[in-house]
C-alpha cells in the first residue's frame, strides 16, 4: 500500500497557486485512474483505490501547509504506513527550475515549511518525496508571496504537460520502484 500525499493549502483562494502543485498532482492521478476524493479523515481529503495493482490512498491535507505533518502522521497511523517504504510526498520546490522533477528516497526538508512539519512530526527524513520545480522568485520578490502567487500565463499553459509527467513518474514508482523512477525522471 502507498500513501501519496500532495501538499497544498485548502480553499479556493490557494487552488491555483504555485504552493498547491502537490494538490493538483494528486488530483491529476485521481482523475487519470477514476478515483474520487471524499470527505475528510485525519484532516485530509482522501481518494482510495488501486493503481497498477497497488493499493493507494491519495491525500490532500486540509491543515494548511505549515501543519501538514499533523495530517501525515495521523494518516500513517490510521493506515499503518511505514514512511520509509509506503509514503510519497509531492510538493513544490523553489530551488528547482520550473517543471524540473526530482525524486528522492530521503532527504532534508530544505526551506519548505510543509516538509519541515512532516519531518518534525514523523521524526525522520527517511521517506520518499517528489519535488516539483516552481523556479525562483523574480528580483527581490518575497519567497512567501511568490509561492502563494499564481503561475505566469506561460507556466499555466505548460501545467497540463507537467502534471502528466508527475503522474507518469508516480506510476513508474508504483510499477517499477523508486530507483527506476529516479533514473528515468531526475536527469530530465
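Each position is counted from 1, following the chain as shown.
Each Cβ is built from the backbone N, Cα and C atoms, and glycine gets one as well.
Positions annotated as site 'Discriminates between blocked and unblocked aminoacyl-tRNA' by Swiss-Prot, on the basis of sequence analysis: 9. Residue 9 (site 'Discriminates between blocked and unblocked aminoacyl-tRNA') falls outside any helix or strand according to DSSP and counts as coil. Cβ contacts within 10 Å of residue 9 (site 'Discriminates between blocked and unblocked aminoacyl-tRNA'), excluding its own Cβ and spanning all protein chains shown: 23.
Under the DSSP three-state reduction, residue 113 (tRNA binding site) is assigned to helix. Cβ neighbours of residue 113 (tRNA binding site) (same chain, under 8 Å, six or more residues apart in sequence): 65, 66. For 14, 64, 66, 113, the entry in Swiss-Prot reads tRNA binding site, with the evidence type sequence analysis.
On its own chain, residue 19 (active site, proton acceptor) has 7, 8, 9, 65, 92, 147, 148 as residues at least 6 apart in sequence with a Cβ closer than 8 Å to its own Cβ. DSSP assigns residue 19 (active site, proton acceptor) to a helix in the three-state reduction. Swiss-Prot lists 19 with the feature active site, proton acceptor.
Annotation source Swiss-Prot lists site 'Stabilizes the basic form of H active site to accept a proton' at 92, citing sequence analysis. For residue 92 (site 'Stabilizes the basic form of H active site to accept a proton'), the number of other Cβ atoms no farther than 10 Å from its own Cβ, over all displayed protein chains, is 24.
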Of all C-alpha pairs drawn from the tRNA-binding set 14, 64, 66, 113, the farthest apart lie at a distance in Å of 16
For the recorded tRNA site, whose residues are 14, 64, 66, 113, find every other residue on that chain with a C-beta no more than 8 angstroms from the centre of their C-beta atoms, and list them by sequence position. 9, 19, 63, 65, 67, 68, 114
Look at the binding-site residues 64, 66 and tell me which residue has the greatest number of other C-beta atoms within 10 angstroms of its C-beta. 64
